[in-house]
C-alpha cells in the first residue's frame, strides 16, 4: 500500500464586481511547486514539520494553488471570507491513491472597479512581488506599506501570476527617548531599576504594537544616556507607516506618565542593508570613482558622509552627488573626480524616510601610481639608437601611453609598448647635426604618461642631456724648453659638458692634478697644463683627455725638454772663502749628470775658463782663481758658474763669495777649509769639508767654521748623512715629477726602511733630523689620498725621529729657533687628513712614540667615537671621545683619525707667555672632510704635575708667531680635573695638550672664586645703581630741566648712565656665557665686543661733552647757542665719535680675524693692539676733563671783574665741577687699573682693585651725578614726602640750623669739599629761584641746575 500523500493548497481569490447581476464562475487553477513559493507562515511550516514526523514517511509534495474567482456582486466577498474563516484545518480529501490535506485557505488579492480603472489590492499580510511593482502602474495609495517592502495596489490585474504573496517577518531596531534623568543602574541588567523599566516599557510596547498585522513581539535591549534612550526590537510583518505611527501613539498612551516618553523621538532602523557598489574595484590615485547606493525605498532623502572626518559630503569641484528614483528603486551616486590618497577611507550612504533610517558603509583604498624611469641620461650625438623607457610598478590595464618632450631642441622618436603594457619605450636617433656645439649640453625632458580607463594618470620625467663629441684644440706652437724653465699647454674643447678632464703621459700615467687647471664656459671648456720648473721627466708626449660617459676626446702635444742643470742642483765650492791678495784659490761647480754644456766662471764682466772633471756620476767644473790677476784687494767679489746648453739656454749657479784681504791679516790656514782672518766665520758644504764622504753617496748640509787664533774651530754642524741626503734629493725630484702619485707609495716605504737603519745617525746629527722633517713636509703636500700601508710607513718614520735618543738632537734644533717641530706636526696632520681606509677595517698603529686609531663614519650604524691611548714606557695615557650626535654632521665615509705622541710636547716650542708644561700626551684628531657644523671633542689627559698651578687645555695654533706655531687656548676649556686626570672640551679639531700656568689662580681655588664673586657682584651692583639713576632722572626731569644749562647737564648724566648700563650688561652676559663654557659663536663674540667697545667709549665721550659745555659756558659768557644746536653737538660727540672709532677698529682688524682675543670677547692686544682704540681715547678724555675741572674751579673761586653770576648760577657751576671732578678721576682710575690687567704676568692685586672699583662705578654716578644735585633732592622730597616733612625741610633750610645729608657742612660733604679746596659751612642746599626777567643774562652761568 502506498504511503498517504499530503498536498497543501492555498486558494487565491480575485473578485471583480460590477452592476451586472450575472454570476460567472470561471475557475483557472495554477499549480506551483513549493520551491517556487518559499514564503509561508511560520505556523504552517511548524505544522507541516509535525506531520512529517508523525507519519514517518518521506516529505510530502506541497503545492500552492491559486484560485481566481470572479464575482459580479461584490457583496459575495464577505460571506466567502466568513466561510473560509470558519473552516477547521487541516481538511482531509480522500482519493483512491493518495490522501490530500488542505492546510489553509486565505484570501490574498481583491480587485475592484474604481471608476474606469480596476484596482487590485493585497489583503493584510500580503503584497505584490517586486517585479510586478516595477512593470505595472501602482494605485494612488493612502495606506503606504512599510518602507522597503512591495507595493499593495496595482492598476489592472497582471495577465499571469504571481499574484499577491505573503510578506516575510521583519525585525525593526527602534529607539525612543524618555525625558527623565539617566541613572547608572540602567546599565546594570540585574538591578531592580533596570527590571522595572524593562517590564513597564515592554508592557506598553505590546499594547501599542499589538495592532500591527503579524505582530510577533517586542523586546527592550538596553538603555543609553542622553536623558534615557530606550533601544528595543520589534518583530512583525510589513505594517504601514500609518499603523506604525498609530502604534507609537498607543505606546505613549499606555505608558505611565512618570516615564515622560517623547512621542517625537521614535526612530526605526531596518535590518535590511542598502546595496552599495564601487566602480572600479581597484582604485588608483587619479581615478574617477563612482559609489552607487541602491534601495527599494522610494525616497530621495539620501546623504553621503566621509566617516574618517565625520563630514557630510557636498557637491564641489571634486565631489558630485546625483540622486533619483528609477523603476521603484532609489539610486544615489557619489562621484569622486581625480581621487587622491587622502580620499581613502570609509564612506557611508544614508537614506531617511519618515522615522526610518537606512545606511550602508564601504571602505575604499587608493593605491598610489609609481612610474619608474631614469631621472637623468646623458646621450652622445653619434647617430646611434637611444631609448628612454619607463614602467609602472602596478599591473594596471593601461589603455594608453603618451610621450612628450620639452626643451630647446627637438629630438623626436617613436614609442613602443611592451606586451604586458606596464612598460613603454621611446626610441630615437640623434646625430651631430641635431645637437651642434652651440647646443651641446642642452637638456630635453622626456615625459612618459600612462592613462587608465578610469582617468588615473601616472607620469615620470627623464632629463636627457645631449652632448656632442668634443673637438679639442691644443696649443699649436711647438714646445721646446730647457730644464728649469716653465711651459704650459692649453687644451680647448668646443663643448662644455664632460664628466672628467685629465692629462696623461705617453706611458699612460696620469699627471698629478696640481699641474693643471680646468675651466668650464657656456660654450666650451679649457684645461691648461702648467709646469713651473721642468725637468727631464717632462720630456715626452702628453694627452689632453675629455671624458664623457664612455666616450673620450683626446688631443696630444709633444714636449722637448733639453738638459740644463737646475740652479739649486748646482753645487758650488766654496760658499764663501778668504783669499790673499797675492794668493790663489780653487773654485768649482759640480752637477750630478753630465751634459753637453759650455761652462764659464763669471766675476762681474770678467769671464774665466772652466776645466771639466768627471768622478763617477759627479761632474765638476774647476778654475784656479789667482788674486794677482785682478786689482781688487780688500774687496769681496761674487763668482758665478754660467752653464749654456745646446739650444743656447743658460743658467747661473749660486754665488761664491771671495773676500780678498792682505796676506798679513791671515792667521788661519787649512788645505781644505782655506785661509781666514781672526774671527772670520765661513760656511762650507759638508761634502767638501773634512766630513767623511763617498763620491757615489755624498753627504749634504753645511758646516760652519770660525777662525780663532790660528785655528779653524767648528761652530755648527748641520751635515746630513749620505743616505738621508740621497732621500732628500729624491723627495725634491719627486714633487716636481708628473707621476708623483705613482711614485709616492714606493718612496714612503723606502724612507721608512732607510730611517730605521740610520737611527743612530739621526740621533747625533741635527742636520739629518731636519732633513727627515723636510722630507715629510715635502711629501705631505703630494697625496690627495693615503692608504693604510702608506700611513703605516709615515708613522714608522715619525716613531724613529720622536724617540727618546733623538730628544737631545731636538733640543739643538730648538736652540737654533727653527719651527721644525711645528713643521713635523703639520705634516703628520696633512697625512692623516688624506687617509682613506675605504672598506678595509679601521687602521690602528701602536709604537713606542706614536699611536694611531681611526674610524670611518657610516650613517647606517653610527656610533660614538672613543679611543684610548696608553704609553706604558712613558707612564702616560689619554682618551678621546666624540659623541655620535656631532658625528652625524660629518659627510658619510669620512675618516676620523687620532694620533697620540708622548714625547712631542717636550719638543714643541713654548708659547709666548712662557707657560710650564705638564708632562702629558699631545693628541691630534683630524677629519678627512671639512667640518661645517658646530663640533665638540672631549679629551682626557693624565696630568703628571697636578700641583704645578692652574691646568689649561691648549691646542697647537700653526698661525701664531708669524706662522711658526704656538700654544693657544681658544675654544678649549677644562671640564673636569681631579688632580691626576684633566678632561678638556674643545669646539674644533687639531693637536691638543695641557699646560700649567703659575700666574693665574686655579678657578677652583679660594682666590679664583673670590675674583669671580667680586666681578659678578660688582658689575651687578653697578647695573642696579645705574638703573636707579635713570629712574630718579625720569621722575624729576621736568622739575630740574627748567633752563637750558640744567637741561644739558641732565641730558649728559642720563646718557652717561644709559651707556654704562648697556656696556655693563653686555659685559656680564658675555662673561657668564664664557665662564659656563657655553659655545659663543665667533660672529656673536665680534658683535658683543663691538657693542661693549662702543658703549664704554660713549661713557667717556659724554663726560667729555659735559666738560666742554662747562668750559664753554664759563669762557664764552656772552655767546648764546640754542638748545637744539647744543643737543646736536652733544649727541654727535657723545655717540658719533665712539661709533666712528668702533667701526674703524672693526674694519681694520676683523678681515684678518684679529679683532677679538682668542679666548675672550674683548679687543685684541697680542696681535693688533686693537685695545688702544679704547685706552687712548679714554685716557685723553680723563686728562682733558681734569684740566677743565681745574680751570672751572679756579674761575669759580676767583671770579674776574664783571663776572657776577647769581647764587643759583654759582651753585649750578659748582655742581658741574663736582660732577666732573669726582666722576672723571674715578672712572679714569678704574680703567687705569683695568688696562694694566691686559698685559701678561699682571699682579693679581691689579685684578682685584679693578674688580672692586667697578663695584662703585654706578654708585658714584648715582650719588655725585644725580642725588648730589640739590634740585634733585628737592624734587624728590616734594614728590614723595608728606606735607609736614616738606614744611620741616623748608624751615631747616631757611634757618640753616640743620644739616642735610648733602649739605656742604655735613661730615660726608666736608670730605668732598676738600677736593675743591673749600672748607667751612657753606650750605648749597639753599636755592634761589631765577626769575624769567634775568634768565637770559644768567643762563651763561647756570649749566648744572
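A Cβ is built for glycine as well, from the same backbone N, Cα and C atoms used for every other residue.
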Between 954-977, 978-1001, 1170-1193, I'd like to know which one TrEMBL lists as transmembrane segment.
1170-1193
Given 901-928, 1013-1040, which one carries TrEMBL's transmembrane segment label?
1013-1040
Annotated range (TrEMBL: transmembrane segment) out of 1052-1073, 1272-1293, 1294-1315, 1316-1337:
1052-1073
List the helix, strand and coil residue totals of the domain 'SEA' (166-273) as derived from DSSP.
39 helix, 34 strand, 35 coil
Summarise the model's confidence over the domain 'SEA' (166-273) as a mean pLDDT value.
86
